[in-house]
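See below for the structure under consideration.
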Amino acid sequence: MYVLGIETSCDETGVAIYHSEHGLCSHLLYSQVDMHSEYGGVVPELASRDHIRKLVPLIKQCLKESGLTGSDINGIAYTAGPGLMGALLVGAATARSLAWAWQIPALAVHHMEGHLLAPMLEENPPEFPFVALLISGGHTLLVRVEGIGRYQLLGESLDDAAGEAFDKTAKMLGLGYPGGPKLSALAEQGKPQIKFPRPMTDRPGLDFSFSGLKTFTLNAVNASGKTDQDKADVAAAFQQAVAETLSIKCKRALQQTGLKRLVVAGGVSANKQIRASLTQMVAKENARLYFPRLQFCTDNGAMIAYAGCQRLMAGQQQGLEIYARPRWPISELSGC
Amino acid sequence: MKLLAVETSTEACSAALFIDGEVVERFELAPKEHTKLILPMIDSLMADAGLKPQQLDALAFSRGPGSFTGVRIATGVIQGIALGADLPVVPVSTLAAIAQDFFDHNDDNVAFVAMDARMDEIFWGVYRRDAQGYAELIGDEAVTPADAVEFPDLTGVGIGSGWGVYSQELTARLPGRVSRYQAELLPRAGAIARLGARGFEQGLAVVVEQAMPVYLRDKVAKTELERRNP
């Protein structure tokens with residue numbers, strides 16, 4: 001079964017074609033990051049306007065690169081949420097009506113399910129069950145994954161998402177947008193001289209809170225000499241605090257569930273220090289760590305095509321509604 | 001000549017089929033229900049006519065101005081069908097559709113079309129009935145404050161939601177030119193279909209990648225530089 005996957009939930013237009021037996025045929029991504037960087041962050045209306053310009057050309061190109069035509073495609077999967085309403089609607093409207101014209105099933109996919117299952121696109125995918133840490137600009141979740149659609153939320157951020165904390169801290173340090181990667185680059189020049197707190201690690205539970213780190217950063221910057229080296233040191237201390245906090249919580253989640261497999265996905269999972277910290281932790285726990293390849297850590301169409309394919313193969317599909325749901329708890333998903 | 005048209009740029013949602021001069025339309029006043037209604041409307045129109053998308057000659061859609069999200073729903077739906085059935089697309093102005101519907105049901109020959117664009121502005125266009133009875137734009141469409149609209153030396157009727165919100169400003173701006181106004185007129189897919197079929201005959205159809213919204217309001221955010229140096 002060939003499935004066309006479409007992702008437009010934020011500021012990247014992703015399109016991919018996945019085959020149930022042969023795997024990924026092609027995947028394309030157009031990132032709007034340069035456009036939004038002029039505005040210091042994602043402007044939802046501009047994101048929507050760009051998606052509608054880019055989506056159809058990307059679908060055509062993806063078919064061409066796969067050597068396929070429309071009549072080869074057996075189903076369409078599109079991201080229905082969570083995400084920006086206007087951006088989601090572009091993908092949903094185009095995908096749903098394309099499926100209608102091709103007379104094939106369409107399926108609304110949960111964006112975070114896409115991220116959770118992204119490691120399945122790799123050579124040695126994890127077996128179920130596993131613990132998954134999803135860290136992105138909009139989400140920080142710890143989930144126990146029993147199978148497709150069988151997700152138990154173990155913990156989540158009570159305020160800022162991990163990526164959001166990176167972006168906001170970067171802003172305080174005078175770094176441009178997107179701040180996360182810039183902050184990481186700066187951190188490599190510094191030493192974590194100051195000891196940042198590890199929020200919510202001193203009490204039981206698997207929830208996160210990153211908003212306090214912003215205030216701490218602000219105070220640390222103000223108390224410093226504000227030289228470039230001082231800023232690099234603050235960046236290093238901040239990043240270390242986030243990496244260790246995530247690591248402590250993941251360790252707890254593994255111990256609590258008794259599972260030995262940890263999947264880490266989402267845009268922030270590209271961060272080197274976070275990867276290093278988690279790698280160390282799983283080695284001590286005798287567990288195994290799974291990452292999607294870097295380009296599938298961030299938003300992409302491949303993970304949507306994959307997740308959609310699993311559900312479409314199980315016979316799931318949706319009616320003619322153009323389905324978009326900006327807020328959509330992952331715990332509401334059903335199995336297949 | 002068979003053409004399918006969709007319209008979702010205001011609180012109304014509609015789809016229409018043009019088949020050799022005859023128009024069949026589905027229309028509902030349904031704020032925020034477009035995503036639920038539009039494809040079922042299209043599906044039932046096509047099923048009743050016994051048509052598959054590949055049997056159509058072209059598509060038409062209201063390309064704006066209007067609600068940004070609404071205009072993009074119509075654009076996305078039409079792009080999906082155009083890509084899937086390999087069809088050309090005729091983008092039609094929402095303001096032209098309002099004028100066309102008005103001309104089809106009235107004897108007046110000039111319409112000053114105003115849609116509420118929020119942020120103290122209106123979408124504005126002046127239309128005249130041409131020799132064949134089609135709405136023809138005079139000058140340019142614009143997004144503008146109501147008290148600054150530009151207009152030709154004609155008299156006519158005011159139509160569209162902008163006349164409900166800014167009747168005083170518009171009447172003052174156009175003294176003696178407007179005999180009456182009808183604020184309740186909404187764009188309809190039937191008019192999009194008629195104008196789309198006409199546009200198709202005139203060679204105005206485009207390929208799917210060029211079937212794009214026209215927002216009129218193009219500046220929607222300030223860059224960091226603009227915020228620092230206002």
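Cβ atoms are placed via backbone N, Cα and C, with glycine included.
Quantities reported herein were computed from a predicted structural model and do not represent experimental measurements.
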Exercise for review: Out of A:Gly114, A:Gly180, A:Gly190, which one does TrEMBL list together with A:Leu134, A:Ile135, A:Ser136, A:Gly137, A:Gly138, A:Asp167, A:Asn271 for substrate?
Suggested key: A:Gly180
Exercise for review: Using DSSP with the three-state reduction, classify A:Leu134 (substrate binding site) as helix, strand or coil.
Suggested key: strand
Review point. How does the model score the domain 'Gcp-like' (A:24-306) in terms of mean pLDDT?
Key: 95
Practice item. Enumerate the residues of the same chain, A:His111, A:His115, A:Asp299 excluded, that satisfy the criterion Cβ within 8 A of the mean position of the Cβ atoms of the recorded Fe cation site; list them in sequence order. Key: A:Glu7, A:Ser9, A:Thr79, A:Met112, A:Gly114, A:Ser136, A:Gly266, A:Asn300, A:Met303, A:Ile304
Practice item. Would you count the other C-beta atoms found within 10 angstroms of the C-beta of A:Gly137 (substrate binding site) for me? Key: 25
Exercise for review: Would you identify the secondary structure of A:Asp299 (Fe cation binding site) according to DSSP, in three states?
Suggested key: coil
